[in-house]
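Everything below concerns the one structure shown next.
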Amino acid sequence: YLVNPAAYAALGAYMFLLILIGFPINFLTLYVTLEHKKLRTPLNYILLNLAVANLFMVLGGFTTTMYTSMHGYFVLGRLGCNLEAFFATLGGEIALWSLVVLAIERWIVVCKPISNFRFTEDHAIMGLAFTWVMALACAVPPLVGWSRYIPEGMQCSCGVDYYTRAEGFNNESFVIYMFIVHFLIPLSVIFFCYGRLLCAVKEAPAAQQESETTQRAEKEVSRMVVIMVIGFLVCWLPYASVAWWIFCNQGSDFGPIFMTLPSFFAKSAAIYNPMIYICMNKQFRHCMI
């Protein structure tokens with residue numbers, strides 16, 4: 001054991017809790033949306049996409065991590081490590097790029113930079129395809145030799161190799177690519193869209209043709225998406241910051257817990273998105289009941 005066995009027991013229990021909440025809540029989101037026609041709006045396709053990404057994380061990643069934390073090290077070998085890290089990365093990236101698509105959708109609908117634009121089913125499907133392409137562009141390279149997935153922290157879960165400059169893997173270039181293309185750029189787009197959105201909401205009453213109910217509905221959706229973004233940042237920023245610090249200070253000393261805590265905190269992302277969605281979407285709650 002790298003650390004006190006009790007820490008592994010706590011980790012296992014935490015993962016069990018995440019599976020216990022994460023699976024039903026994401027499955028419910030999927031099921032209710034597919035069951036009720038009126039919920040099948042283009043915007044909800046993206047939220048469905050988030051639920052699918054979370055299920056990937058729960059089934060592909062969390063189950064593996066719970067199993068390995070019972071053993072105190074990563075027992076599933078190279079293949080298991082690759083699979084677990086792939087699903088965790090894919091899920092996290094689909095969530096991030098889905099938030100980008102939602103942010104762009106909010107910006108276009110509320111700020112109307114393109115007049116007479118309607119967010120249709122085709123746009124939603126293009127948005128979905130885009131999130132998957134971008135997520136795969138981040139999760140696949142370590143499987144095919146550009147960087148690699150290795151056990152991290154307490155060695156119960158795997159992630160991208162920020163730790164070493166291993167020969168032949170080009171870790172540095174991948175980590176820099178990942179941070180810029182799959183973290184900074186999406187966040188910049190999200191912040192740009194919400195910056196414009198806040199300005200538009202302030203200027204809105206002066207130039208409004210739409211009914212009050214439409215406005216209220218748009219505001220509610222915007223509020224929900226903003227809270228999802230804040231939730232994403234709360235979950236993923238500590239992990240990204242620690243990973244970047246380790247990458248910049250390779251060879252310096254840090255304990256296994258240092259990387260484990262933010263990494264496992266980030267995993268809670270699979271629960272909060274559907275919770276926000278269920279808590280803030282009246283129509284969804286009615287259909288659920």
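From the backbone N, Cα and C atoms, a Cβ is placed for every residue, glycine too.
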Recorded disulfide counterpart of C158 (Swiss-Prot; options C81, C111, C199, C235):
C81
Where Swiss-Prot splits the chain into topological domains, do I114 and G255 land on the same side of the membrane?
no
Same-chain residues near the transmembrane segment (45-67), Cβ under 8 Å, at least 6 residues beyond its ends
11-12, 15-16, 18-19, 22-23, 26-27, 29-30, 33-34, 75-76, 80, 83-88, 90-92, 94-95, 98, 101-102, 105, 121, 124-125, 127-128, 131, 135, 156-157, 267, 269-271, 273-274, 277
So which of 82-104, 124-144, 174-195, 224-245 is most in touch with the transmembrane segment (258-279), counting Cβ pairs under 8 Å?
224-245
Just to verify a number: CA distance, C158 (disulfide bond) to K267 (N6-(retinylidene)lysine), in angstrom, no decimals.
12
Over the topological domain 'Extracellular' (1-7), work out the mean pLDDT and round it to an integer.
83
When you measure from the Cβ of N171 (N-linked glycosylation site), how many other Cβ atoms are you left with inside 10 Å?
23
When you measure from the Cβ of C81 (disulfide bond), which residues in the chain that are at least 6 apart have a Cβ under 8 Å away?
F74, Y149, I150, P151, C158
